[in-house]
Every structure is written in structure tokens, then in C-alpha cells.
């Protein structure tokens, strides 16, 4: 584990321990609504404080971009962390174990390091550019399925911005007719990690934020998968529209999506 990932893991583990304690008494967790179907809790905020303080102490010249508190540090910094202190807040607030901490490091705008930590399962997904992806120190690879009708596809509903909902449901219906099934588990970082481990053969979602997908996308890429936007291009981090899959399935997924967008 390199120094960047070591720092990220230690911070994520501390934040995760706080989450586990909070999950034992959810009635005491204070929650606000940022928008329709978009919640933030004091657990999100406390996790972010732990992560930001650890990164600032270790790397005072790095920029840090967070879901809740925005940007910290110099805008022109060569290194930038993108972090989601609690991906899957709604799951967490309902006692569902599918939530995670997501941390990615960019150097001059290029993703270099990624860590996704799932506290309930104590699962640690990591990747370094050019060095592969790991789950709990074991190398992971995307699936090798070819036939779309045998594939399990992950997705996420556009519940915050519902302007895409009608179009999305048409796309989802098409996928359900042509695959072995679809799953909506409520935490994009873990959905992407499921692609990286082969539990999902592919994943697609619209209108996500950089902190939702930056870390998980690099983990997919380093596990042998491909990540694109809905047009098959590389603009997914900017647009928030993302498709991730094993190389044999990606084109088939893009064909379904392109028929409706």
C-alpha cells in the first residue's frame, strides 16, 4: 500500500468506526434534506471532518473536494482528492449495510489512486493507476461474460433530478428484457466495485457527481473494465453519466442506451 492509499485507508477506517457506532443508534442521528430525496446527516458531516483533517495534516498542499463542504486548498494544486464521506446516506439511515466511504486522488487532472471502504463488511477496495485493483489485498478482475442475456447489470434511479426518469425507465425496461436482471443497491461507489469484482457485469447511471464515481471508476479500470459516458467517450467524470462494464459487454450496453438518448 503506497503512502497515499495508506493515509486514505487510515482516515476511512476511523470514519467507518464512527459510522458503525452511529448505526447502532440511528434514532440519535440528526438528518437534514438538501433537496427532494437528497439527505445529509451529522454522520456524513462528521465523516467528512475526519477525512479532511487527516488529508490536510498529511498533504497540506493538496486540494480536497468534498460532497458536503465543497473545496479546500488551492484551486491550482497539482494533487486533488475527491471524497464522498458517506455514499449511500439513505441506505445508512434505514439500517441498510450498503454504504461506503469513497476517496480518489487526481494528479494534474488524471485519476491515480482510489479507495472505497465499506464499514459494515470491512471491505477495502483499492487501486493505483497501472498497478491493478484489490479487494482486501486480493487482486480482482471484471467478469468475462459475453452474452448480454447472461449478464447482471447494476444501475441507479435518478431520484434527485427526476427530469430523466421517464427516459431512464424506458432504458431500464430494455435492459431488463435483454439481460439476466438488474439491481439497484443505492451506492454508486459500491456498484462500480461490484463491476470490478465481477458480481455485476456492467453498471450505468445518469447525473452523478464526481465524488460518487471517481474512486469506483478507477477501480473498475484497474480491474480490466472500461468506463465511458453514454456516448462511449471519456467525459463521464464531467457529465456524471457513466457506463462501466467488462470489455465484452460495454458495446452491447451502449447500443441499448443510445437507442433512447
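Each residue's number is its place along the chain shown, starting with 1.
Cβ atoms here come from the backbone N, Cα and C positions, even for glycine.
The structure displayed is predicted, hence computed values, not measured ones.
Neighbour count (other Cβ atoms within 10 Å of the Cβ, all protein chains): 15 for residue 183 (substrate binding site). DSSP assigns residue 183 (substrate binding site) to a strand. Residues annotated as substrate binding site in Swiss-Prot: 67, 86, 87, 88, 89, 183, 212.
The Mg(2+) binding site annotation in Swiss-Prot covers 67, 84, 86. Under 8 Å, Cβ to Cβ, and six or more positions away along its own chain, residue 67 (substrate binding site) finds 44, 48, 83, 84, 85, 209, 211.
When Cβ atoms from all protein chains are considered, those within 10 Å of residue 87 (substrate binding site) total 29, not counting its own. Here the binding-site residues are 84, 212, and the one with the most other Cβ atoms within 10 Å of its Cβ is 84. For residue 86 (substrate binding site), applying a Cβ distance below 8 Å and a minimum sequence separation of six or more within one chain yields 19, 41, 43, 44, 47, 92, 99, 100, 101. Spanning the listed substrate site, residues 67, 86, 87, 88, 89, 183, 212 have a farthest Cα to Cα distance of 25 Å.
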